[in-house]
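As written in Swiss-Prot, here are the features:
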BINDING   R123, G204, V224, L233  S-adenosyl-L-methionine binding site
Amino acid sequence: MKQIESAKNQKVKDWKKLHTKKERTKTNTFLIEGEHLVEEALKSPGIVKEILVKDETRIPSDLETGIQCYMLSEDAFSAVTETETPQQIAAVCHMPEEKLATARKVLLIDAVQDPGNLGTMIRTADAAGLDAVVLGDGTADAFNGKTLRSAQGSHFHIPVVRRNLPSYVDELKAEGVKVYGTALQNGAPYQEIPQSESFALIVGNEGAGVDAALLEKTDLNLYVPLYGQAESLNVAVAAAILVYHLRG
């Protein structure tokens, strides 16, 4: 194991850069923090590149060959991590391969900008047993630190890929997958829609909703009725209600 004392060490500087999308894209790697996320990443062979700890006892046993471990001083570890009260362990991971096999139950996300909302929806899609999460233009970075923390390891369980949504919707429909949008106008209460063996659900931007051009391509648009005085539901909450209803 290598030890690093200084927060000015070049490795520390390189790891810190992974908080930026530019560096994540350049290196095809990302940083995770906390014991749970590291445990989930280690369940996927070939994902973890480096493990960073403050305490040697935090190093997981039975590591894959080739994973480099570093023990960092308090200052060096704090310089790398993003959370205010960081845990004792972090890891640098390779980006998962963007594989999108034949998907029969899919969540499509159009221009959702809040990383916390995105992470929650990835976690929901994983919990509901969907086949993939597909991100369109304008959607937050899936490997932003807040997105990763909100998803709680679901990035390692379900494909999260970027696609041109209009083109992908056309592909799904050609394969016989029913595509649902989310909109009040020309929409139906979700309770009226039967469960389905295959479906794609599109959820949209927190303020503007799903792009009008996408809504024109859907088979049907759904909404969650509001019975109180709230103007709307959080997009991640609405997505959870609809996904669980559609999948049955």
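Each Cβ is built from the backbone N, Cα and C atoms, and glycine gets one as well.
Mapped onto three states, the DSSP output places G204 (S-adenosyl-L-methionine binding site) in strand. Taking the Cβ of L233 (S-adenosyl-L-methionine binding site) as reference, residues of its chain lying under 8 Å away and at least six apart in sequence are, in sequence order, V224, L226, I241. Neighbour density around each Cβ, counted as other Cβ atoms within 10 Å, peaks among the binding-site residues R123, G204, V224 at G204. For the S-adenosyl-L-methionine site listed in the record, the two most distant Cα atoms among R123, G204, V224, L233 lie 20 Å apart. According to its DSSP assignment, R123 (S-adenosyl-L-methionine binding site) is helical.
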